[in-house]
Every structure is written in structure tokens, then in C-alpha cells.
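Before any comments, here is the structure.
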Amino acid sequence: MRIEHDFIGQMEISDEVYYGIQTLRASENFFITNDKLCSYPVFIKSFAQVKKAAALANAQLGLIDEKLKIAICHACDLLVDGKYHDQFIVDMIQGGAGTSTNMNMNEVIANLALEYMGHQKGEYQFCHPNDHVNRSQSTNDAYPSALKIAIYERLSNLVAPMKALRDAFAQKAKEFAHVIKMGRTQLQDAVPMTLGQEFETYALMVDRDIEQVLDARNWVRELNLGGTVIGTGINSHPDYRSLIEKKIQEVTGRPFVMANNLIEATQSTGAYVQVSGVLKRIAVKLSKVCNDLRLLSSGPRAGLNEINLPKMQPGSSIMPGKVNPVIPEVVNQVCFAVIGNDLSVALAAEGGQLQLNVFEPVIAYKLFHSFVILGRAIETLTTKCVEGITANEKICHDYVFNSIGIVTALNPHIGYEKSAMIAKEALKSDRSIYDIALEKKILTKEQLDDIFKPENMLSPHAFKKHKD
């Protein structure tokens, strides 16, 4: 055991661990979610990149010596490589605007650096968590900058599963291009379309959301490093701000820049609201698609039954043979959670006061949660559902030609009123629109056959109005 102290007192720390007294206090104070920092490696890596960039800038400015720079950078590289992540034990939701997370990072890096230099853990006179690792920084610029770097990476990582889903929908659109079916508005028969057109809209929806995700990265490119406490830059070197921008670009390989006004950037959480809004947009639209898939596959005998979803597992403990649309159902629920997380982000952003928003920990927690579950849900929907969807072509075809909705195709030829009369009689007699129109000799068989050709009902079509 080793003894560490702070201005509150002292505590015994196990010699096996790399965190220190402030981390231990935080772990005892905040047992809220049981989701610890170690559950989010992207945040640990981005925070380590911030600390490495700071060490490089501080060394160049002569604020720390070369030996310390090398040791701190070595420790940061270990964290970026995924090592020692079990040492990050603070709860994701915490009081103090993220200070506990920042100090967990400072203490682990300091003790890793001490070992690298041949010292014992806790010998902070050689490498101090605050004086050396946290030099030229405050939690108030280090935490949000690390968070934005992590969000940038999560946005980038979300693109691949979204592209896979888009491509799966596009492939189904090609497969189903010849399958004519009934389009519906307000759950009532409308006009014909193809199943391919339906799936093409899903592919386009995802493609547009991919554009939104890529654009959202620009909202988190602007950091507030060098602002320290409230953005004024107290306790930082006059050249630190320009230098840290170059160093963070070198360390991350990403086009991050420092905000023009660090005071505004330190208190602003607008970028998080925008990113969360994009995730909510994806969730809302994805949930609607899952609603469609569940409805289109309903049945098999007493529903629409236009498509078949892959059978994943038995659906009932009491009804033999029942299979449920479990994949769209789970994605629906993920989308509900993402939408709820967005509300939490909005409330936390609104809750800021004066020069700092202390609620960034819950913003970080909710955003990371949304990224994780939404990414997994998209992959699950792609591989366990969309790729295996098949069409019930005869059912789709019969719905069209037994539908009252195709009477709309007669409108340009015989007018609305006569078309409505035919629809009314077809409903009353349980006969087809085609048979009623033919029987009344309103149009010839050749004319009706031409009007009701699928290709003439699926897109704009030139016509001549037939005389009464």
C-alpha cells in the first residue's frame, strides 16, 4: 500500500493500481450508473491524445523538461493502444463538470510515466498529475476537447454500418424491382407501386442520413484547448493556444482547430445538441422503417404478408409455430432509447449557467450510449433482417388487382365521379374494378388492359381522355 494525500486528507492506495487519491475519492462518491470510464475506450484514447498534445506543447515552450515529455507521451501512447484501461474507474455521471474523469486520466498517466522513468507510483515530485500532466490545462478545456475528439471518431465509425444497411436496402430494391404491390396512405389502399420502389426509399433515407453524420463531424472540430478555466487562458503561456492546435492535429491526424472565442466555446454545448439531433433523426427514421417491416410481414394468414422476414427464434411460450419480428422490434426499442437520450442532452445543455456547463458528463454518457446501441442496432438490422427478406410476389400482385385503389388510374379517362361510382359498386358487390368497368362498357377491354398495365400505373404516363 502507498499513502497519498490531498488538501482534504490522506488515503491508502493499493500499490497495484495506477490511479490515485482523487480517483479513489470519486469512485466512492459517485456510484450512479455502474458504467465506468473504462467502458468507453474511445473517450480514454481521445483524452490521452489531449494530454499528449499538451505535453508536446508544454515541452516546446520550456514548461516541462524533455525527460518528462517523453515519459508522459509514452504513458499516453500506452492508453491510446488500449492498455491499462481497467484503471479508469470513475462513474460516467459525476459532479464537478468532469474533474473526476480528468484527474483519473492525470493520475494514471503520471504513475505510468513515473514507472517509465524508474520511480515508484505516487512519487509525484518527479511527475505530478496536476503540475506536469495537467500543465496549461483545466478540466474545463481538456474534458470537452477530449469529448469532441471522441465524438468525431464515433461519427466516423457510424458510417460503415450505415453504408452496409443502405447497400442491403438497395440490393433488395433491385431484387424486388418487378414485384408490383399496393401503396398505402393512412393504412388504406392508395395506388400501385413496386416493392423495389419501397425498398429504394429506405436506401435513399439511409444515404441521406450518412451525409448528415459526415457533416456533423464539422460541428465538433472546434476545440477550446488553451482556454483553461473559463476561456481567458489563465495559467497558460501566450503561445500555447496556437501551438496546441498544431500538436492536437499531429497527434490525432484530424483537422481540429481552436475556437476563435474560447470564452464562448468553453460555455457552449451547442455542438452536442446538434450531434444528438442527428442521432435522433436517424433513430426516428429507422424506427419508422422497422414499423413498416413489421406491418408488411404481418400474418402469415391474417395480415398483409407481403414480405417474409428471416425466422430468428420461436415467438411464443404458448402459441406453437408463432414467429415474431424480433429484429425490427429490438431496433424500435433502441430508437426509443436514442430519442430519450437526445432529450437528456437537450436538458443538460439548457442547464448550463454563466461561464460553464457542469453537466457535460451526462451529455457524454448519453451520446456514447446512443452511438453504441445505434451502431449495434444498425448492424443487427442489416445482417439479421434486411439481407434475408424475401417477397410474396403473388400476394402483392393480387392485392393490387383486387384493390379498389386502382380505380384512381381511371380518373384521367372517365373522370372522378364515374370512377367513384365504379369503386362504390365494386366494394358493394365484392368484384374487381376491372370487371365492373368492363361490364358497364365505359371503356373497351383494350383500353382497360392498357390503363391497368403495371408500367402505366407506376410512373407518370401520357394519356388521352376518352369521350363519353
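Every residue gets a Cβ built from N, Cα and C, even glycine.
Among the features that Swiss-Prot reports, active site, proton acceptor is placed at Ser316.
Annotation for Thr139 (L-aspartate binding site): same-chain Cβ neighbours under 8 Å, separated by at least 6 residues, are Gly96, Ala97, Gly98, Thr99, Thr101, Asn102, Met103. In three-state terms derived from DSSP, Thr139 (L-aspartate binding site) belongs to a helical segment. Per Swiss-Prot, the feature L-aspartate binding site maps to Thr99, Ser138, Thr139, Asn140, Thr185, Ser317, Lys322.
The feature region 'SS loop' is assigned by Swiss-Prot to 315-324. Cβ atoms under 8 Å from those of the region 'SS loop' (315-324) belong to no residue of the same chain, restricted to positions at least 6 beyond its ends.
When secondary structure is read from DSSP and collapsed to three states, Thr99 (L-aspartate binding site) falls in the helix class. Close to Asn140 (L-aspartate binding site) in the fold, though at least 6 residues off in sequence, lie Ala97, Asn224, Gly227, Thr228, Val229, Ile230, Thr266, Leu356, each with a CB less than 8 Å from its CB. Counting residue by residue with DSSP, the region 'SS loop' (315-324) contains 0 helix, 1 strand, 9 coil. Using a 10 Å radius centred on the Cβ of Thr99 (L-aspartate binding site) and all shown protein chains, the other Cβ atoms total 20.
Remark: of the binding-site residues Ser138, Thr185, the most isolated position is Thr185 (fewest other Cβ atoms within 10 Å of its Cβ). Counting Cβ atoms from all protein chains shown, Lys322 (L-aspartate binding site) has 11 others lying within 10 Å of its own Cβ.
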